[in-house]
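Trainee: Below is a structure I'd like to ask you about.
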């Protein structure tokens, strides 16, 4: 049999199962928003706990929160950050667009934990009040966007940047000895002039290097925190200097360069910084989609495709075709990239709906950004472990395709002109003969002269 306790808010009393620490506003949200199963991300909950910890410390230093209350709030946030109360944050993303219910969920749980420590009884509003003490000098309108920024930075630094460094290092290590492997290039999916396999992979490496640079650039505005703007950006009920001191506390605790936002009206009414950051995630997805698809194409086969790369064989690929093995890691990564691109569309629409003094699409913005970070990080690490590290060049196939290519004729352009070189290529293709045979047949070039000019090793750099 379940035990219940009575909590209350401005709408009256409500029953809450005794084992949970939340209060009336959280319970009402649970009952009013039975929509989907997409709960607020765990890292956002952690960001809110960090926020409440730092706010309590500043309020105490400013003389607005007595030591006993401040210490109890500080201890409660520590326990939350240690993962002790994970089942006490049950609210879904689909709630008020300001994130008020989740902000109050945190306020109520912290107050309840603190009250239990001080009185032996969870819940209630005394001696620690969820609004008057835990939420002191704050509004959901500045607290939730602050938590959004903290969560984005932490997720990026803890998950995404390490994952991108992982694939960067793996691509560098894998391709470092491929500078002597000369293969045929392809443009428009048609044969082109040669390059080395290392040169081809250097393009992918640079894309990842640029991705890391883009992240650092986009994070600069995400480091700016809205806290101190309170309801509409004026800072009502927040003391002068609270915003600066708060940002310093968060920076110290997280070891990240957070600062107070110079204009709180912008920080509450718009989320351009997060839209920009989502755009960076979208660009990373574009880069990864290109890299993964190239590896998919280069590994196509095993007998009837390009077959220039051997991809690791991790599991059976077909329920009907015996022996078939598919590029499953590529498929997983490219599906993630598709999801991230879709997430950015959602963030773009949500970011554009900042009406007057407050954007009220905050939960869906942060949900999609954090999902994109998590999916990109996990899929990249999986791709590295189960695909990139096991890539091997198929030297025989690479050499065969290169030597058959008609585009080696490009080396003849400076010597016999574009039109004559084109005649050789067309003649070779039409009659199924080699370029050398076609050149001799058309009396355009001797075999000796051809062999001196058409050297793939000399075609992979400027003359």
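Quick reminder: no glycine exception, Cβ is built from N, Cα and C everywhere.
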Trainee: According to Swiss-Prot, which stretch among 100-120, 121-141, 142-162 corresponds to the feature region 'Disordered'?
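Mentor: Region 'Disordered', as annotated by Swiss-Prot, spans 121-141.
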Trainee: Nearest of the recorded positions to residue 324 (substrate binding site) by CA-CA distance, picking from 188, 318, 331?
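Mentor: So, spelling it out, the nearest of the recorded positions is 318.
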Trainee: Under DSSP, is residue 187 (substrate binding site) part of a helix or a strand, or is it coil?
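Mentor: It is in a strand.
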Trainee: Are there any residues in the same chain, six or more apart in sequence, whose C-beta is under 8 angstroms from the C-beta of residue 132 (substrate binding site), and if so which?
Mentor: 125
Trainee: Across all the protein chains here, work out how many other Cβ atoms are within 10 Å of the Cβ of residue 318 (active site).
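Mentor: The Cβ of residue 318 (active site) has 10 Cβ neighbours within 10 Å.
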Trainee: Tell me the Cα distance separating residue 188 (active site, proton donor/acceptor) from residue 100 (substrate binding site), rounded to the nearest angstrom.
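Mentor: Between the Cα atoms of residue 100 (substrate binding site) and residue 188 (active site, proton donor/acceptor), the distance comes to 52 Å.
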